[in-house]
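Trainee: Before anything else, here's the structure in question.
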There are 2 protein chains.
Amino acid sequence: MAPKINGLGIMPEDTRICVVMVGLPARGKSYIAQRAQRYLKWLSVPAATFNVGNYRRENAPHPSADFFDTNNAEGERQRRAAANAAVADMLKWFKSGGVVAILDATNSTKERRKWVLERISSEGIEVIFVESKCDDEELVMANIRDVKATSPDYVGQDPEKAALDFRERIRNYEKVYKSINDDKDEDHLTYLKIMNVGKKVFINRIQDYLQSRVVYFLMNLHIRPRSVWLSRHGESMFNLDGRIGGDATLSHRGEEYALKLPELVRESVGSDRPLTVWTSTLKRTIATARHLPKHYNQLQWKALDELDAGVCDGMTYQEIADQYPEDFQARDEDKYNYRYRGGESYRDVVIRLEPIIMELERSEDILIISHQAVIRCIYAYFMQKTQEDSPWVPVPLHTLMKLTPRAYGTELQSYRANIKAVSTWRGKGSTAKHEDPAPEGGI
Amino acid sequence: MAPKINGLGIMPEDTRICVVMVGLPARGKSYIAQRAQRYLKWLSVPAATFNVGNYRRENAPHPSADFFDTNNAEGERQRRAAANAAVADMLKWFKSGGVVAILDATNSTKERRKWVLERISSEGIEVIFVESKCDDEELVMANIRDVKATSPDYVGQDPEKAALDFRERIRNYEKVYKSINDDKDEDHLTYLKIMNVGKKVFINRIQDYLQSRVVYFLMNLHIRPRSVWLSRHGESMFNLDGRIGGDATLSHRGEEYALKLPELVRESVGSDRPLTVWTSTLKRTIATARHLPKHYNQLQWKALDELDAGVCDGMTYQEIADQYPEDFQARDEDKYNYRYRGGESYRDVVIRLEPIIMELERSEDILIISHQAVIRCIYAYFMQKTQEDSPWVPVPLHTLMKLTPRAYGTELQSYRANIKAVSTWRGKGSTAKHEDPAPEGGI
């Protein structure tokens, strides 16, 4: 077989996985599906979610709770047709190169799971069931209020009425719901059962690497509110010269930013709670972090070092264009995949950042002080930027970003220090030392 | 707090964990303990195992099965005294800087676990129980035959008699054995239950990063027989010149090695079963792998690229000694921690190899074609070399190594291709281009 560059570690050509969600409504299934998809896509694993509810809504856009009553034959027929349509589309998607599909539906009976398993595995696709189970009534109600109030099923309806109807709908599901393997006759299934948002996890028959990565990722997800702060180091002496890479110290203005950073952080946190600070191992990020409060934990990660420019380390863009004109152009054409001679590509950086992302998913409040390309990759993860766009995202110096993950998407707030700095953004084809980003390119 | 370089990702200064093994005899507890300890130490996490059996043997070196009968008061007293002594030593070890201790004993009753938990957590140490449960009688018997025949308890005794006595001992344990949380009253414990060698895994209340890494590692362990093959690339043009790093092609003799490699592999595998081949992304390893059978899966990992020599990339040792004399000496003094300017240290390489090791633990037969420093780090993992020794291990060119993990330790076989190559080993202080390793330094 032809050698292939690995993204997520091992991925034999023929591994295809369908993650089948299981659980009552309002158990965070869509949240889990969305997170898993984002993580996989960021790692270049073709991933997609097939939400059975969306298919069902084509025929029944605003059903009331009794649509979901198992005695309602017409409701039952329509819901089965929706599942059929979703699975059919999913199988088509696999044929066009898909690797991990997520089937987002309740799949709450043994019969339904049997049907899904047979239908999908007969196409040579591995099936892994992921059940989210929650008996913490408060958590469930919080989920109903936060998420379901905005559900397309209840558009334009009174939220209080919607919540009541939705609770009724859940009761209809509860009548037939069977947790995986509770009767011990689903022992042959590959599954992950997550109870009360990860307090307990049960894993059965996980087989290969990709399955194990997906499972490990899902185990680490939590839904406690938190934010991630991102900042580049203060302006460095190399920035002033328009040189890339290196291990320079801060410029005078960079030092000013380091002094100002504690205030920016305090303002953005809005309370006294301490953050944990991660820097790279390079002087300019460590110096930028050094005035933060002493009781903040600080940690240096080699994985947060700047993209390695190999032979071009320490050069200006003009020097690179002069000395390696073909490379310079090749990089502009496919910046995500271009690997500097003896150095790295954005793709390489993403792979080495994977443990950082895994750890961020586990953690609560983290402030990362790192470098342009690294921040772009982390930003791309949270903001779901494509591989095409992420290497061009402007990440200005002397600006603190606060990312707050929400049920759907991530919220961004920016805090500018009002300390001047050179621009290190570079447009396609440009060799300018300090070019300002195109206005539409702004974060 | 002072910033610290992270080994295993996050490790706040104050995390200390005691992994308490649980399970009947012959369930692979010592195997798990030994693997976890090796993995942690390789990642610079201070780890140690405290085997209660060793303490018990000081007073009762060759007890018969009735020593383990719960009605045997004297046996019971001695076994408790041994547990006490082991825990006391462990707590002393934590005070001297230990981070992860493994308490290797059966801990098969709720009372014992309660005692262990109280004793250890009162010292501010996190307790995680790891139970290995196995109801596959064949697996248990295989374990009894393989491991217990060589147990110090039965030295000099007839193996058949020893096995019978040992089965009797297990029966005595079975009388009082309670699996964790079977009565639902141990729900507050942090634990990992591994059933039938990883077929099922149950995880309860895992809290922080270090716990989650240990758990993920243990989940991935398997005991199916397998080997790992290691080879450097064939001799490269840079090797001929005595230059380090770079991305050179193979020399004429390096090409010969690539042609010969399939034969060496066949000989060492001893059958037709295919291997999976992992190379780095550099030309010399890819070229070395290119004549291997077409049905072998091949995969390129950036994480397998050679240690990055930063500014010294492409130089000879003489040039480095001339241009960076202080660095050259600093490296000799602490080769494991010395980081090339703009490049990496051995410690950095170990951190980036961690996913490779994790994947190797999951996998069966893998052939790795990589580079001197990288092979040294992988070798150090399997052969338990210290950080002081591992950067000096001679890894000659044109030699295939086969590592076969056994219950205790790893077996090494070397296959030489009989194709001449320069030596790339360098002794402390030497700037020789091609020096032969000191005889006692041989692998």
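Glycine is treated like the rest: Cβ placed from N, Cα and C.
Nobody curates TrEMBL annotations by hand; they come from automatic prediction.
Note that the structure is a prediction, hence the values are computed from the model and not measured.
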Trainee: Record says A:R232, A:H233, A:G234, A:E235, A:S236, A:M237, A:F238, A:N239 bind substrate. Source is TrEMBL. Which of A:R273, A:R284, A:R290 does it list for that same site?
Mentor: A:R284
Trainee: Using a 10 Å cut-off, grab the number of neighbouring Cβ atoms around the Cβ of A:E306 (active site, proton donor/acceptor), all chains included.
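Mentor: Counting Cβ neighbours of A:E306 (active site, proton donor/acceptor) within 10 Å gives 24.
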Trainee: Where does A:R284 (substrate binding site) sit in the DSSP three-state scheme?
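Mentor: A:R284 (substrate binding site) sits in a helix per DSSP.
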Trainee: Give the mean pLDDT for the domain '6-phosphofructo-2-kinase' (A:13-225) on the 0 to 100 scale.
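Mentor: Per the prediction, mean pLDDT sits at 89 for the domain '6-phosphofructo-2-kinase' (A:13-225).
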Trainee: Once the chains shown are all counted, how many other Cβ atoms turn up within 10 Å of the Cβ of A:R232 (substrate binding site)?
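Mentor: Excluding its own Cβ, the number within 10 Å is 29.
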Trainee: Centre the Cβ atoms of A:R232, A:H233, A:G234, A:E235, A:S236, A:M237, A:F238, A:N239, A:R284, go out 8 Å, and tell me which other residues of that chain have a Cβ in range of the substrate site.
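Mentor: Near the substrate site, the remaining chain residues are A:A248, A:L250, A:S251, A:G254, A:L397.
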Trainee: May I ask which residues of the same chain, at least 6 positions away in sequence, place their Cβ under 8 angstroms from the Cβ of A:R284 (substrate binding site)?
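Mentor: Looking at Cβ-Cβ distances below 8 Å from A:R284 (substrate binding site), excluding near sequence neighbours, one finds A:H233, A:G234, A:S236, A:D247, A:A248, A:T249, A:L250, A:G254.
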Trainee: Checking the spread of the substrate site as listed (A:R232, A:H233, A:G234, A:E235, A:S236, A:M237, A:F238, A:N239, A:R284): what is the longest Cα-Cα distance, in whole Å?
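Mentor: Taking every pair among A:R232, A:H233, A:G234, A:E235, A:S236, A:M237, A:F238, A:N239, A:R284, the longest Cα gap is 14 Å.
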Trainee: Report the same-chain neighbours of A:F238 (substrate binding site): residues 6+ apart in sequence with Cβ closer than 8 Å to its Cβ, ordered by sequence.
Mentor: A:I244, A:G245, A:G246, A:A248, A:G314
